[in-house]
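K.L.:
Before anything else, here's the structure in question.
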Amino acid sequence: MPELPEVETVRRGLAPTMEGARIVRLELRRKDLRFPFPEGLEARATGRNIVALGRRAKYLLIDLDDGTTIISHLGMSGSFRIEAGPVSDWPGEFHHLQSKDEKHDHAIFHLEGPHGISRVIYNDPRRFGFMDVVHRSEIDLNPFLFGLGPEPTGNELSAAYLAERFMGKTQPLKSALLDQKNIAGLGNIYVCEALWRAHLRPARAAATIVTKTGKPTKQMELLVASIRDVIADAIKAGGSSLRDHIQTDGSLGYFQHSFSVYDRESLPCRTPGCSGTVARIVQAGRSTFYCPVCQK
DNA sequence: ATCGGATCCTGTCCGC
DNA sequence: TGCGGACAGGATCCGA
């Protein structure tokens with residue numbers, strides 16, 4: 001579930017293995033994901049040292065020592081996993097157990113790091129993910145990153161900022177929050193969760209939580225606080241559950257969250273004192289979950 | 001200019 | 001058990 005918190009969790013999980021390691025080889029096992037891999041990506045990556053692992057919105061950023069950055073988006077079903085040790089160390093049968101899904105391993109970073117040899121493997125059954133490579137100095141001009149809104153974790157996001165963006169918009173809150181140009185990193189799950197926390201109905205027009213002069217209402221203040229909290233909580237949960245995940249199967253994928261409203265159709269609303277039942281509607285072709293009683 | 005809808009692709013789950 | 005349809009965490013493109 002690669003929304004911002006999941007990508008951040010993946011970044012933190014990969015950093016100890018990747019940062020400071022040398023890319024012995026980047027192995028691309030097909031020519032494209034959603035888009036073709038950039039021309040000469042293998043050659044550009046091979047032999048480079050990884051200086052840092054970063055993130056912008058839902059994009060993982062792999063900074064190399066020649067001033068370039070590999071951009072990786074996980075799409076809907078992308079994940080990374082780490083395998084340690086030389087390939088030949090795996091007995092055939094055991095290796096098979098480790099990689100039930102091997103046909104969807106599309107890119108393999110063969111690494112040599114302070115902790116030895118390892119592989120970081122990108123797996124993506126639906127292939128909605130993609131990679132690009134850019135010069136760091138021009139990263140904000142990259143078509144994928146250009147125009148992205150502020151991170152919900154930083155100071156740039158404020159009720160005043162969002163009020164300006166939402167002023168005059170008839171678009172539903174749900175769609176406005178999914179628009180990465182307004183806020184970067186929210187996806188279907190955390191938009192539902194944030195609106196639930198703020199007691200706001202997803203179908204409401206975005207402009208209804210802005211005053212005539214473009215100032216934030218109390219509801220907008222509450223929404224922004226809810227977004228911050230939801231994201232912070234999810235990152236915290238990811239960080240704590242990741243450890244166990246690595247220990248059990250050596251993979252860095254997604255972990256099951258317990259959501260308050262997402263995927264809870266027909267179940268009781270979890271707002272204290274609320275007697276409502278979670279409803280599911282479709283907005284812009286995607287499921288929205290909300291409580292018709294406490295979200296107004 | 002702003003919308004919603006269709007689209008890319010595979011896997012899983014549920015009802016018959 | 002097999003089969004068909006609905007559905008899935010995203011983002012872009014196109015047409016109304």
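Quick reminder: no glycine exception, Cβ is built from N, Cα and C everywhere.
For reference, TrEMBL lists these features for the protein:
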ACT_SITE  A:P2  active site, schiff-base intermediate with DNA
DOMAIN    A:2-129  domain 'Formamidopyrimidine-DNA glycosylase catalytic'
ACT_SITE  A:E3  active site, proton donor
ACT_SITE  A:K58  active site, proton donor
BINDING   A:H104, A:R126, A:K169  DNA binding site
DOMAIN    A:260-296  domain 'FPG-type'
ACT_SITE  A:R286  active site, proton donor
K.L.:
Could you break down the residues of the domain 'Formamidopyrimidine-DNA glycosylase catalytic' (A:2-129) into DSSP helix, strand and coil, giving a count for each?
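P.N.:
Output for the domain 'Formamidopyrimidine-DNA glycosylase catalytic' (A:2-129) reads 33 helix, 52 strand, 43 coil.
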K.L.:
Measure from the Cβ of the residue listed as 'active site, schiff-base intermediate with DNA' and count the other Cβ atoms within 10 Å, all protein chains considered.
P.N.:
22
K.L.:
In the same chain, who gets a Cβ under 8 Å from the domain 'FPG-type' (A:260-296) while lying at least 6 residues past its ends?
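P.N.:
Contacts of the domain 'FPG-type' (A:260-296) (Cβ under 8 Å, skipping residues fewer than 6 from its ends): 172, 174-175, 178, 188-189, 192-193, 195-197, 199-203.
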K.L.:
Using other CB atoms within 10 angstroms as the count, which residue among the recorded positions A:E3, A:K58, A:H104, A:K169, A:R286 scores least?
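P.N.:
Ranked by other Cβ atoms within 10 Å, the recorded positions A:E3, A:K58, A:H104, A:K169, A:R286 bottom out at A:R286.
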K.L.:
Going by C-alpha distance, which of the recorded positions A:K58, A:H104, A:R126, A:K169, A:R286 is nearest to the residue listed as 'active site, schiff-base intermediate with DNA'?
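P.N.:
Comparing Cα positions, the closest of these recorded positions turns out to be A:K58.
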K.L.:
What does DSSP give as the helix, strand and coil breakdown of the domain 'FPG-type' (A:260-296)?
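P.N.:
Helix/strand/coil tally for the domain 'FPG-type' (A:260-296): 0 helix, 12 strand, 25 coil.
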K.L.:
Given the recorded positions A:K58, A:H104, A:R126, A:K169, A:R286, which one's Cα is the least distant from that of A:E3 (active site, proton donor)?
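P.N.:
Closest recorded candidate to A:E3 (active site, proton donor) by Cα: A:K58.
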K.L.:
Using the alpha carbons only, what distance in Å do you get between A:R286 (active site, proton donor) and A:H104 (DNA binding site) once rounded?
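P.N.:
Between the Cα atoms of A:R286 (active site, proton donor) and A:H104 (DNA binding site), the distance comes to 26 Å.
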K.L.:
What's the CA-CA gap between A:R126 (DNA binding site) and A:K58 (active site, proton donor) in angstrom, rounded?
P.N.:
17
K.L.:
For the domain 'FPG-type' (A:260-296), report the average pLDDT of the model, please.
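P.N.:
On average, pLDDT over the domain 'FPG-type' (A:260-296) sits at 94.
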K.L.:
Reported as an integer number of Å, what is the Cα distance between A:H104 (DNA binding site) and A:K58 (active site, proton donor)?
P.N.:
21
K.L.:
What count of other C-beta atoms do you get within 10 angstroms of the C-beta of A:R126 (DNA binding site), across all chains shown?
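P.N.:
Summing over all protein chains shown, A:R126 (DNA binding site) has 12 other Cβ atoms within 10 Å.
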K.L.:
So how far apart do the DNA binders A:H104, A:R126, A:K169 get, largest Cα to Cα in Å?
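P.N.:
Those residues reach a largest Cα separation of 41 Å.
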